[in-house]
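One structure is given below, encoded as structure tokens.
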Amino acid sequence: MLFFSFYKSLVGKEITVELKNDLSITGLLQSVDQFLNIKLKDIKVNEEDKYPYMISVKNCFIRGSVVRYVHLPAEDVDVETLQDHSRLEAREQKKQNKQHQEQKSSTATTATTSTTV
């Protein structure tokens, strides 16, 4: 959820998306969803000679599973906020895992007690 929220804050900014097939596309971020699918408008392919069929394309939808990297402008990245939210999310995940393990152990204890009675 952290990256989804972060990318939502970048809507309207210019980003470069590098795909797993080595195609790099630069454009304005129009939208992003929870699967990190990306919609770009006013796109430009970084290597037009290598991908001439992409010259006429102006808008595109990129499935999140084919993205290798997303290059962002340095001035739009608040590193401190990202680090704080990452720590908070990791702490919450650790807390959830601990609660899940406690539930498992209490269920196992209840099951053992039931079978010995």
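Backbone N, Cα and C atoms are what each Cβ position is placed from, and that goes for glycine too.
Unlike curated entries, TrEMBL annotations are predicted automatically.
The shown structure was predicted, so the numbers you read here are calculated from the model rather than taken from an experiment.
As recorded in TrEMBL:
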type     : residues : note
DOMAIN   : 2-76     : domain 'Sm'
REGION   : 84-117   : region 'Disordered'
COMPBIAS : 84-103   : compositional bias 'Basic and acidic residues'
COMPBIAS : 104-117  : compositional bias 'Low complexity'
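DSSP labels the residues of the domain 'Sm' (2-76) in these numbers: 16 helix, 32 strand, 27 coil. Per-residue pLDDT, averaged over the domain 'Sm' (2-76), rounds to 91.
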